[in-house]
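Below: the structure, in structure tokens.
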Amino acid sequence: MAKRLPLIAGNWKMNNNHLEAIALVQKLAFGLNDKDYDNAEVVVLPPFTDLRSVQTLVDGDKLKIGYGAQDISAQDKGAYTGEISGAMLAKLDCSYVLVGHSERREYHNEDEALVNAKVKAAYRHGIVPILCVGEGLEVRKAGQQVEHVLAQLDGALKEVTAEQAERIVVAYEPVWAIGTGEVATPGDAQEVCAAIRARLAELYSPEVADAVRVLYGGSVKGDNAPGIMAEDDVDGALVGGACLKADEFVKVIRFGEK
Ligand SMILES: O=C(CO)COP(=O)(O)O
């Protein structure tokens, strides 16, 4: 199996103004060393208003921390008040963008068609989508998590080519584990992440499935990261609360250390 470099991405959600953003990225950079960057790709996903400041800091100090946005418009330009286009994000050198986060699906009624349009918008502008999928508690209780997540995956990847899909990042985030402190067991994470990879092999090819990084997200912290990341099909983490404190995020990034 090709060795996939783990990706540890911090979703700041609606936290930190642009001054706080600079302080947090500086603190994070100070806490990391070359070995950390060899073991994992480190990415932060701040609010839109912080991106220019983060870009300037990363460029100026030549930091090895990557960054991206939390959302993208499905449209490229025009009369769409409040929206941010892929072209704007590309101009800020964003490498990644979250698409279909459960909070967007829930609070902004994002459906499969919109998530699919946003995935394609990201590719149009050379930005790698981090596609979020995950089931709610009722679905989990009914044992339907795999079917639910694969339906979300199928919907999001409509008309996405193999060449594009090879670069996607998929984040499995069970909604019941987000911000609740209730982390999925390593076995829960592995079950769904493996099913995602198998579906990518069906939809595209074993090579595509082998290249794609599948992350787990939902109450990941320094102490539970090693167990989750030890699973074969888990290639990293999408971290919420724990990424807002640099020292805790560093612990997650060092998941492999004993
Ligand atoms: O939604 C998440 C990351 O996108 C997970 O958030 P928490 O780590 O706070 O549970």
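Every residue, even glycine, has its Cβ placed from backbone N, Cα and C.
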Binding-site annotation, TrEMBL, substrate: partner of Asn11, Trp12, Lys13, Ser219, Gly240, Gly241 in Gly31, Gly179, Gly187: Gly179
Whole-number Å value for how far Gly240 (substrate binding site) lies from His101 (active site, electrophile) (Cα to Cα): 11
Listed binding-site residues adjacent to ligand 1, that is, members of Asn11, Trp12, Lys13, Gly240, Gly241 whose C-beta is under 6 A away: Asn11, Gly240, Gly241
Greatest C-beta neighbour count within 10 angstroms, which of the binding-site residues Asn11, Ser219: Asn11
DSSP-derived structure type at Gly241 (substrate binding site), helix or strand or else coil: helix
Rounded distance in angstrom between the Cα atoms of Ser219 (substrate binding site) and Glu173 (active site, proton acceptor): 9
Listed in sequence order, residues not in Asn11, Trp12, Lys13, Gly179, Ser219, Gly240, Gly241 with Cβ within 8 Å of the centre of the substrate site Cβ atoms: Ile178, Val239, Ala242, Cys243, Leu244
